[in-house]
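Here is the structure we will look at, set down as structure tokens.
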Amino acid sequence: MIQVSQDSIKKTDGSVASPKGYLAKGVHCGLRYSKKDLGIIISSRPAVSAAVYTQSHFQAAPIKVTQESLKKSAHLQAVIVNSANANACTGEQGLKDAYEMRRQSADMLGIEPDLVAVSSTGVIGEYLNMENITKGISLLAETEPAEGDFEEAILTTDTVIKQTCYELMIGGQKVTIGGAAKGSGMIHPNMATMLGFVTTDACIEESALQRALREITDVSFNQITVDGDTSTNDMVLVMANGCAGNERLHEEHEDWPVFKKGLQLVCTDLAKQIARDGEGATKLIEVEVNGAKSNLEAQIIAKKIVGSNLVKTAVYGTDANWGRIVVAIGDSMAAVTPEKVEIRLGGQCLFKNNEPQPFSEELAKTYLENSEVKIEVFMQEGEGKGTAWGCDLTYEYVKINASYRT
């Protein structure tokens, strides 16, 4: 955890369009029946940019096009995103369509194609309706920015938009970091579809931004799970356009920890919003592991627990079945000494010294009825700490995914 003064960072009611020099739009172009389905984020000038991508062998066409754009100069000025269609597993035609989305967006803005990132989310294995995309890009050119339109345009089975914003003080200058995300099902990212877009007006060194994003993604977006599946389209992208006018940030700068903490808060906030909005979910589950052999092992254990379908269903059924947590810990391949492990729920110790502990089933059940549930695990193997987030598994999840294409 990055430690900085709370006075230097504050959360605001802003969005991905709040940092200086950005605007965001969303329109309905016909990929979905009636809801918005095409969005764009635009920076007033080229922004230093970084991204992390899905580790799936079946990377979607837009991922490949965005990687190519960033490889050229590590700068972007826009990102175009469609929902309802992932443009994944669509062969050469899918790649051509992604390039065409990039070209049309660049022409609309009067910029080079390499300054545009492309992202898609939705059904896998169907070709994009480029007639609708072309119409949508024309609509974006004519449409005025409106709060929440971009965030709505990138949703699929999500039930709510996901956005956040923080303000920081860097060298006496106000710096803003905003973010938007989508994700509800198929969430088990290892950089689901899980998409995250972060904007900042900070001036920052390219390599420092990429390293920070990679490190922070590992403890935020990569620590959430809804159903254990990794998508073909997962991506987290950050743009930094320098409009705040701060002294250029790098890893040795005295205010680097402040910026890095702000970025971590934005990514963690978005990750938790995704976990909370898991398909059919009624509860956010947080698992905190302390005393593991290393931070990595703590993260592995936490994610193993929160990803267990048995744990998820127990939480849904308000059943303090700690045996399911033990099973997940034992299956994590981390260093485990059973006699040292302690499991706590709602302030009650359920398991310690490799044996059950007396606890109130009634109090545990009442605690599990909350919309947020925290499971604490103490390993006593070292100093490692890790947290993961997920949601309960309900009948509604099966219902949603049984009829996803109908």
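Glycine is treated like the rest: Cβ placed from N, Cα and C.
The following features are taken from Swiss-Prot:
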- Thr193: active site, nucleophile (ACT_SITE)
- Thr156, Lys182, Thr193, Glu279, Asn401, Thr406: substrate binding site (BINDING)
**Asked** Which of the three DSSP states, helix, strand or coil, fits Glu279 (substrate binding site)?
**Response** coil
**Prompt:** Quick one, of the binding-site residues Thr156, Asn401, which Cβ has the fewest other Cβ within 10 Å?
**Reply:** Asn401
**Fill in**
By a three-class reduction of DSSP, Thr156 (substrate binding site) is assigned coil
**Message:** Return the count of C-beta atoms lying within 10 angstroms of the C-beta of Glu279 (substrate binding site), excluding that atom itself.
**Reply:** 25
**Cβ-Cβ neighbours of Lys182 (substrate binding site) (radius 10 Å)** = 29
